[in-house]
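Enquirer: Structure incoming, see below.
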Amino acid sequence: MEPTYEEYLANHGTIVKPYYWLSFSLDCSNCPYHIRTGEEARVSLTEFCQIFGFPYGTTYPQTKHLTFYELKTSSGSLVQKGHASSCTGNYIHPESMLFEMNGYLDSAIYNNDSIRHIILYCNNSPCNEANHCCISKVYNFLITYPGITLSIYFSQLYHTEMDFPASAWNREALRSLASLWPRVVLSPISGGIWHSVLHSFVSGVSGSHVFQPILTGRALTDRYNAYEINAITGVKPFFTDVLLHTKRNPNTKAQMALESYPLNNAFPGQSFQMTSGIPPDLRAPVVFVLLPLRDLPPMHMGQDPNKPRNIIRHLNMPQMSFQETKDLERLPTRRSVETVEITERFASSKQAEEKTKKKKGKK
């Protein structure tokens, strides 16, 4: 294959021109080296916080796109890490650069058959708008390499709101990509994944600073992203939920903050009743119960045209608090149907008991 990129050795890794015709541009601060590997992939804490909306949650629309990636073997060993940044001068997204035919990842996997799993950590979910076609390129890449599995973690959804002109394309493309589960995982960054990204890709952060508790504002944004991607794709995300572990860490301030937060701001279109009239400090820490993050084994499988799009995955989730259970029952899930069925069974059993008592009384 004739690659479209050029790679150069740097002090702590490599720097890559994803398209060999790119040159230095005054319109883009990252041109022409939009892909960086190894320790060259690290960014400053300030840049990371601004682009990923960490640690307080996304507060404004993000125009810059930054994607960290890891290439791993089937056993989970790291082959390479790196990042790809968007080109503001040529308006190119990171996923488009990485998954381009004859591009960097295409060449990397073609020349190293031990790579079996790709993990992306994106500030924006991939799109499929006409000028980018990111998801289409990812989809074609997976068809070319049927032994590769892919996990995509994002800090915010990109152009999926109904009032955006191209949202229908993006939502439909996300559904198509999610239908490849379990080969493809779409999930928000949350919990311990934040700590992993900080440790691997952010410079100047080490020790206890990496494992600081996730703040309430960021945690609520992650939870909203999880429900939203589920509503779009019909596939429950593989994510770490926000749950307070009061037994091991009785942080009453964090608990009160989470339970009294006006959830109608975190879940647009839903009506929630506040337990307190004062909004909490979104900087209050939240204690997480982490679900184990495992690398999926390589799967040699094709797309089944008869496979339904709506896939429900059953995970053993940690026990939820009473307040969280009340809030989630208001969401449009199947819980209400199950509740009705259980109530009907209970009523039927109660009637049966009354009939038995009447029969005994007649005797």
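Placement of Cβ uses the backbone N, Cα and C atoms for every residue, glycine included.
Just lifted these from Swiss-Prot, have a look:
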- Glu95: active site, proton donor (ACT_SITE)
- His93, Cys127, Cys134: Zn(2+) binding site (BINDING)
- 61-177: domain 'CMP/dCMP-type deaminase' (DOMAIN)
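On this model, are these features tucked inside or out on the surface, and what's nearby?
Expert: Annotation for Glu95 (active site, proton donor): spatial neighbours Thr67, Ala84, Leu120, Cys122, Pro126, His132, Cys134, Ile135, Lys137, Val138, criterion Cβ-Cβ under 8 Å with sequence separation of six or more.
In the three-state DSSP scheme, Cys134 (Zn(2+) binding site) is classed as helix.
Secondary structure by DSSP for the domain 'CMP/dCMP-type deaminase' (61-177): 35 helix, 33 strand, 49 coil.
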Enquirer: Most Cβ neighbours within 10 Å: which of the binding-site residues Cys127, Cys134 is it?
Expert: Cys134
Enquirer: Would you list the other residues of this chain near Zn(2+) - those whose C-beta lies within 8 angstroms of the C-beta centroid of His93, Cys127, Cys134 - in sequence order?
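Expert: Near the Zn(2+) site, beyond His93, Cys127, Cys134, sit His65, Pro94, Glu95, Ser96, Asn124, Pro126, Asn128, Glu129, His132, Cys133, Ile135, Tyr158.
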Enquirer: Averaged over the domain 'CMP/dCMP-type deaminase' (61-177), what pLDDT does the predicted model reach?
Expert: 94
Enquirer: Same-chain residues six or more away whose CB lies under 8 A from the CB of His93 (Zn(2+) binding site)?
Expert: His65, Ser86, Pro126, Cys127, His132, Cys134
